[in-house]
Amino acid sequence: MAIIYLILLFTAVRGDQICIGYHANNSTETVDTILERNVTVTHAKDILEKTHNGKLCKLNGIPPLELGDCSIAGWLLGNPECDRLLSVPEWSYIMEKENPRNGLCYPGNFNDYEELKHLLSSVKHFEKVKILPKDRWTQHTTTGGSQACAVSGNPSFFRNMVWLTEKESNYPVAKGSYNNTSGEQMLIIWGVHHPIDEKEQRTLYQNVGTYVSVGTSTLNKRSTPEIATRPKVNGLGSRMEFSWTLLDMWDTITFESTGNLIAPEYGFKISKRGSSGIMKTEGTLENCETKCQTPLGAINTTLPFHNVHPLTIGECPKYVKSEKLVLATGLRNVPQIES
């Protein structure tokens, strides 16, 4: 049928030339291409969104997790100033200030911290699970605290952790394990205390030359405390070093220590995964909803590209750095007379 149609078409045409294409018009609209500037076209349509509403909104009806003056570390460890975050509902994304003041109240560091933040970009809810109850450590003192983490003027400590110290001038080997039967991966955090001198070491743990050993089917980590003189931070010359791991389903994590162990009381079951992220912002949640959020504000558009901010969460156009992006159609506007 197609062959017959073409034959009929050609037999119906009179003249010595057939032109198939757009009809040139008198448009003066020009665009810049990768190879050439000021190319004249018949039509150009803007396909780049440049605006936002300046607000932090719920994403598809789900509010973000507002950390306020707390950092990621302060939230997960349980800084006493972050008590409102001890139990949090599902979040769409996380709002963290550039320099939150409530992080590690007891000075130190958090190993692989950026990797932990990257993990949070695919998590939308944690369920706290008590894995090593405080009262299981019957041969050790579990009320260790510091004025650096004070509550109402009294020494305190990270709510989700247990600082094990000597009991009745004795520190026997501390052993504890947890088998993950939760049905999901679990985030486990622990710490090692690094005293300022040997006197502090003996006062807290009786023993010297101590170790902290942590093991799973994929992890074998043994740490020894580093006793050293350091500048004081929050009034302390000693430090705490925190580490984390993901415990797979049905795997077991085991702790063994002769001193300096900061044991986890709680683990964090990853109860819901999904696209999330951490928005670095000084803003607060407003009464609005969106499908696409950036740290600068929400985007509401049907255009395929935007240049608002490289970090987006939700159903968003593709980010480009360009200041202008258009879709050009039609032939170059150069009218020509054909005989």
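Note that Cβ sites are derived from N, Cα and C of the backbone, with glycine treated the same way.
Predicted, not measured: the structure shown is a model, and the values here were computed from it.
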Exercise. Do you know which of Cys57, Cys70 Swiss-Prot records in a disulfide with Cys288?
Worked result: Cys57
Seminar exercise, completed: Among Cys149, Cys316, Swiss-Prot lists the disulphide partner of Cys292 as Cys316
Seminar exercise, completed: Rounded Cα distance, in Å, between Asn180 (N-linked glycosylation site) and Cys57 (disulfide bond) is 36
Exercise. Of the recorded positions Asn38, Cys57, Cys70, Cys82, Cys105, which sits closest to Cys292 (disulfide bond) by Cα distance?
Worked result: Cys57
Exercise. Far apart in sequence but close in space: which same-chain residues, 6 or more away, have a Cβ under 8 Å from Cys316 (disulfide bond)?
Worked result: Lys291, Cys292, Thr294, Ile299, His306
Exercise. Highest CB neighbour count within 10 A among the glycosylation sites Asn38, Asn179, Asn180, Asn300?
Worked result: Asn180
Exercise. Which residues in the same chain, at least 6 apart in sequence, have a Cβ under 8 Å from the Cβ of Cys82 (disulfide bond)?
Worked result: Leu67, Gly68, Cys70, Gly74, Trp75, Asn102
Exercise. Helix, strand or coil at Asn179 (N-linked glycosylation site), per DSSP?
Worked result: strand
Seminar exercise, completed: Nearest by Cα to Asn38 (N-linked glycosylation site), of the recorded positions Cys57, Cys149, Asn179, Cys288, Asn300, is Asn300
